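Asks: Residues or ranges marked as transmembrane segment by TrEMBL: A:6-26, A:47-70, A:82-103, A:110-131, A:157-177, A:207-233, A:245-267, A:279-300.
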Amino acid sequence: MNARILALHGGLLALLLVLHFVLPVYHHGNLARIMVLACYAIGYNLLFGYTGLLSLGHAMFFAAGMYGMGMPFHHLGLGAELAFLAGIGTAGALALVVGLLALRTLGVAFMIVTLMFSQAFYLMILLAARWTRGDEGLVLAGADRVLFGLDLTDPDIRYLLALGLFALCLSAALWLVRRPFGRVLVAIRENPERAELLGYDIFRHKLAAVVVSGMFSGAAGAAYGLMFGYVGASFAEVHFSIFPLLWVLLGGAGTVIGPFFGVLFMFYLIDISSGLTPAYMLIAGVALVLLTLFAPQGLAGEVRRRWLRWLP
Amino acid sequence: MTKTTETGATPADPARRDALRTLAGAGAAAAALPLWARYTHAQSAAPIRVGFQMHATGIGAAYGRWYDRTTQAAARLINETGGINGRPLEIVTEDDGTDPRRGAEVVEKFANQHRVDVAYGTLFSHVVIGSAPRAGELKLPYFVVSEGHHVASGMLNRWTLQPGITDVKSQVLAMAPFVAETLGKKVTMIFPDYAFGHDHRDFFSEAMAAQGGEVIAKIAIPPTETSFTRYFPRIPRETDVIYHVMVGPAVLTFVKEMGEFFGPSRPAIFGFIDSLEAVDLRSPGLEFLEGTYFWEGMPRYVQPGQTDYDRAYRAAIGLDENGASLADPRDVSAYAHMFGCWETLHVIKRGMEAAGYAGPQDRQKLVEAVEVMTEMPESHEHPQGRKLFNGRTHQVFGQQHVSKLENGRLDVVRTVPLEETFYPDEVDYTAQPF
């Protein structure tokens, strides 16, 4: 792999490790959340940024990971390690089913179908209130949230595990998009007819992208639930499908590093502006409009366009 | 929104000031002193910081607005009467968007950035449940004003308490005898198809059975519903009473369509005021509710024999005899619930003073001091009425009201004493470690 690419992405991870030792406690906690959410955004980006499929229902995969982990953890007493894997498996299985059905459509229809599936999943969580506690959700007991002997209620451990997960997702995404598989996804995004003419099975590649994207999202959902002790239906609501789209657009669609900066930017935009005015969503909205006008390819996308053409 | 409010100033409105004087002679005297002089006997003049987790935006915004006004009024009064342990009270407000994810982040912000002494004021159950685990991990006392059963059910933790408002289980238990004795034995329930509605469904069904009554149909309304016409034919003909609760923002449509369905001959109707909080009962479309009954935590309209406490409480917040803002009679309050903010802030004050609270190192002492509280007599601190706090379950109990809607106003027809609202403990938080 190109040394510059390794240095950039490795440098980001090293910086995040250094920040663990120097950040004030509030920002330390925020960054742990941001890194987990960035895994969700990276997963979304694989489908949207690299494959060109705009899903409006990714919250269902995040929530499937969260509930796939949380339900057996809470009701069956499954250990955190197996529960985490169960979360990823649930999200992957759901992504496979949704992909098989939704990929029969294209463009706007794909957006609508994924949105509908996601809403159905959300309502299913509410309707299964006997087990999910509906909109209220479930609290995961702090004493049981132990992963390989590490106490997830400890802020230091939580940060380092979030960093570990983020490093894994970032590396996996980097590896994937530079593999022939990733290049085929880009080819499908740019010109699906030509990719098909070249002999690639477009449907299978898209389906694989949906499943991988769903598993990244599910891993983020499962980790979020385990780390912060709460599993709730609001994570399956439509706005939680819009967030990764915004994060990726802001950070730079089709860049591996961009989603992290998208999440970071949005998180602090809301956190800081909410301290200035009750109308903080207006500030957030104006900032988003300005960014879209003046950096339409997102933060990392703009950096790639202007300076770093090699940015993956 | 982050808003830091140190409410030591004298209210501008002379009428309100007069009313406040009635709260306590000593308090009024203290109010006449300049700010610096009021806290001179305190070991530290640094304010006690209370993080107010406010639903300023999102589905809880109507409640949030009134929770905020009540909080500011209570804080102003506390400051005018000497503060807490001689220190001024400062309210640090953060909007949680009525969202559990942001709620947990706000709790972290309170603990780690604003360095508040306690967090307080959350209403919606899912936000409480999403935030409480973080409050527990951060060892931050978390005083909720939610009326959810989540605290007393044992699902939360030792750092989460609800000492200012009763929970839905005790409210429902209190209403069942009235419904069975006065309105009828066969009940059809219409409730939202989410956890709050399910609590009503389960607790009320059980309570009606204990009264010799029966819930003959349970109609769950999906949370996304905007029209209710197709649900009404499912109401059995033999229904004596329709019980409705929190159908959501579409409540006006719900009432209008129910009126069109039944016409002049309808069964008795009993509802919880929750979905009509902050709604003018004279609004067009609500005529059909005339003659029906409601649960109220605290009567919105001034009742005969109004206590001085209620009078002073209304004046402090700036409310008229109809529970609407003095500045705008169309701005109706969430009167049945928001007293919980007022009373909780006073419990925090009492707890801090009992614990000799000096700073975050005494947070555990504060929780322990609140846990040993029991009697809370009706007073300026508890204008809704006498309360009994159960330290084991971290839940307070109080009287409940049944009101009848007549001539566009609610009048209390029965007050259920707090002793009739008890149920067996489901948890003992005091046995849990901190």
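Backbone N, Cα and C define each Cβ position, glycine as well.
How buried are the listed features, and what sits near them?
Replies: Sequence-remote contacts of a segment are chain residues at least 6 beyond its ends whose Cβ falls under 8 Å from one of its Cβ atoms, and for the transmembrane segment (A:6-26) they are 35, 155-156, 159-160, 163, 166-167, 170-171, 174, 256-257, 260, 308, 311.
Long-range neighbours of the transmembrane segment (A:47-70) within the same chain, counting only residues 6 or more positions beyond its ends whose Cβ lies under 8 Å from a Cβ of the stretch, are 40, 83-84, 86-91, 94-95, 98, 110-119, 121-122, 125, 132, 138, 140, 177, 182, 185-186, 188-190, 205-206, 209-210, 213-215, 217-222, 224-226, 231, 233, 235-242, 244-245, 248, 252-255, 258.
Sequence-distant contacts of the transmembrane segment (A:82-103) (same chain, at least 6 residues past either end, Cβ-Cβ under 8 Å): 57, 60-62, 64-70, 72-73, 110, 113-114, 117, 121, 147, 203, 206-207, 210-211, 213-215, 217-219, 221-223, 225-226.
For the transmembrane segment (A:157-177), the list of distant contacts is 1, 5, 9, 12-13, 16-17, 20, 28-29, 31-33, 35-36, 38-39, 42-43, 45-46, 50, 147, 150-151, 183, 185-186, 212, 216, 219-220, 223, 227, 256-257, 260, 312: same-chain residues at least six beyond its ends, Cβ to Cβ under 8 Å.
Sequence-distant contacts of the transmembrane segment (A:207-233), counting only residues of its own chain at least 6 positions beyond either end whose CB sits under 8 Å from a CB of the stretch, comprise 32-33, 36-37, 39-40, 42-44, 46-47, 50-51, 53, 55, 58, 61-71, 73-74, 80, 83-84, 86-92, 94-96, 98-100, 102-103, 122, 125-126, 132, 134-142, 145, 147, 152-153, 158, 161-162, 165, 169, 172-173, 176, 181, 185, 244.
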Asks: Is the transmembrane segment (A:279-300) packed against any residues at least 6 beyond its ends, judged by a Cβ distance under 8 Å, and which are they?
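Replies: Sequence-distant neighbours of the transmembrane segment (A:279-300): 246, 248-253, 255, 257-258, 261-262, 265-266, 269-270, 273, 311.
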